[in-house]
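*Asks:* Take a look at this one; I'll ask things after.
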Amino acid sequence: MTITVRGSSGDYRIRPLEPGEERAAFEVLGRALHRTVTDEYWARREGSFPAERRFGAFASGEPVGVTGSFATRLAVPGGKALPAAAVDGVAVRADHTRRGVLTALMAAQLADCARRGDVLAVLHASEATIYGRFGYGIASRGQSLRVAGASFRADAPSGGEVRLLGTAEAQELVPRLYAEMGLSRAGMIERREVWWSYARERLIGEHQVAVHSGPRGDDGFVLYRTEDLRTFDQPNLGAALTVGDLHAADTAAVAGLWRFLLRVDLVSEVRAPGRPLDDPLAAMLTDPRACAVTGLDDESWLRLVDVPAALAAREWGPGEPVVVEVADPQLPANSGRYRITPGGAEATTGAADLRTGPETLAMLYLGDRPPSALAAAGRLEVLNPAALPHADTLFATRVTPWCGTPF
Ligand SMILES: CC(=O)SCCNC(=O)CCNC(=O)[C@H](O)C(C)(C)COP(=O)(O)OP(=O)(O)OC[C@H]1O[C@@H](n2cnc3c(N)ncnc32)[C@H](O)[C@@H]1OP(=O)(O)O
């Protein structure tokens, strides 16, 4: 499948990447992200950048734009994990931007996802102004924590052991433990081999790895690195310890890992970017302000590729039935009215209570924000005001959504 897009200074051909074109396409990405692709760097990345599921935009036979995805499953409220495309490696070369190349790549990719049966697509955005127009919406947010001078309350969970692993052991154990612990929050994705092929070396190889064991065995891990903050003037500053990845089966394991991190010698502060909004740490401390929130940002952007399948698969809260009308010009098969009840959701011809597009639907889908908040912001058209409180309880979820996997 090739699409030709007319540009002011020539045509672009949008087509699937072919084997052998991976490195040239990766260099488009490298340049756009201000990174030099050396032979050594490409050797490390090659396994995570297959031609499969990748599209290129070609000008005079040369790649000038790229987008890709890897297949995964994403957990939705209620615990089901749906087929999803984890979109990554999106770039257009600087001398070809703002001519519609990304728009054409996104259209090709979304059509491909729909054909493959991906119910959802998910990405982490470099800028928050890019993806809404393609039907992606902020589906989970993350907070950055800075912890210093903290001590635990007497009633905080305790127990268990933490041990540090060597790199080889960690590279085997951490992927297995992540898979065994399962997708405990809506928004979490399966980490497939194509993801680990780079993360095993970069994430694990460049971090210290500690594993927590509770009564049932290994139940959490943390990856961290340190950066010396000491100066001649401030010899007691110690190091900043930054958490690169932390997943645990329960809050006792989270507490155990944090107790360990906060006891590491010669460390003056622990930084943990991108934690879930309901991270339990502050509530476990004698001084909750010892755990400061230093940032709050969008974390994952979701696109409902197959709206009927996505709505049918998630769990709904209590409430009177609500009919939501969706208008999706990019994937017209999604356009229609959906009757949502505590027992499920299905297409209907009944009168609509609420009307919106795919971006706002994605913002509601994992329960990150209530419909009333997005209606107040003007993103959701309210045709029947009496339905709004019911929509709030139907869309509400027990657990805060979070992806927790960088890609
Ligand atoms: C999931 C990920 O991989 S995130 C990484 C994304 N990649 C990067 O950030 C790398 C650097 N940036 C780039 O490569 C490019 O600027 C891209 C990919 C973001 C955009 O590519 P372009 O081909 O210029 O986009 P395109 O011309 O199709 O623009 C479509 C629309 O988005 C807008 N747009 C595109 N990029 C941006 C941006 N960075 N900020 C604001 N608006 C943008 C355009 O103005 C245009 O708006 P319009 O439809 O109202 O005219």
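Even glycines carry a Cβ here, placed using N, Cα and C.
Below, the features straight out of TrEMBL:
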DOMAIN    12-157  domain 'N-acetyltransferase'
BINDING   VAL90, ALA91, VAL92, ARG98, ARG99, GLY100, VAL101, LEU102, THR103, SER126, GLU127  acetyl-CoA binding site
ACT_SITE  TYR131  active site, proton donor
ACT_SITE  PHE407  active site, proton acceptor
*Asks:* Between THR103 (acetyl-CoA binding site) and TYR131 (active site, proton donor), what is the CA-CA distance rounded to a whole number of Å?
*Replies:* 10
*Asks:* Running a distance check here. Ligand 1 versus the recorded positions VAL101, THR103, GLU127, TYR131, PHE407: which have CB less than 6 Å from one of its atoms?
*Replies:* VAL101, THR103, GLU127
*Asks:* Between the recorded positions VAL90, VAL92, ARG99, VAL101, PHE407, which lies closest to TYR131 (active site, proton donor), Cα to Cα?
*Replies:* VAL90
*Asks:* Within a 10 Å radius around the Cβ, which one of these active-site residues has the most neighbouring Cβ atoms: TYR131, PHE407?
*Replies:* TYR131
*Asks:* Name, in the order they occur in the sequence, the residues of the same chain whose CB lies under 8 A from the CB of VAL101 (acetyl-CoA binding site) and which sit 6 or more residues away.
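*Replies:* The list for VAL101 (acetyl-CoA binding site) reads VAL5, GLY7, TYR12, ALA57, VAL64, GLY65, VAL92, given in order along the sequence.
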*Asks:* For GLU127 (acetyl-CoA binding site), what is the tally of other C-beta atoms lying within 10 angstroms of its C-beta?
*Replies:* 6
*Asks:* Which one is it: of the binding-site residues VAL90, ARG99, GLU127, whose Cα lies the shortest distance from the Cα of PHE407 (active site, proton acceptor)?
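*Replies:* Given the candidates VAL90, ARG99, GLU127, the nearest one is VAL90.
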*Asks:* How far apart, in Å, are the two Cα atoms that lie farthest from each other among VAL90, ALA91, VAL92, ARG98, ARG99, GLY100, VAL101, LEU102, THR103, SER126, GLU127, the residues recorded as binding acetyl-CoA?
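*Replies:* 19 Å is the greatest Cα spacing among the residues binding acetyl-CoA.
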*Asks:* For a three-state summary based on DSSP, what are the helix, strand and coil counts in the domain 'N-acetyltransferase' (12-157)?
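*Replies:* Counts, helix then strand then coil: 43 helix, 52 strand, 51 coil.
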*Asks:* State the count of C-beta atoms found within 10 angstroms of the C-beta of VAL90 (acetyl-CoA binding site), not counting that atom itself.
*Replies:* 22
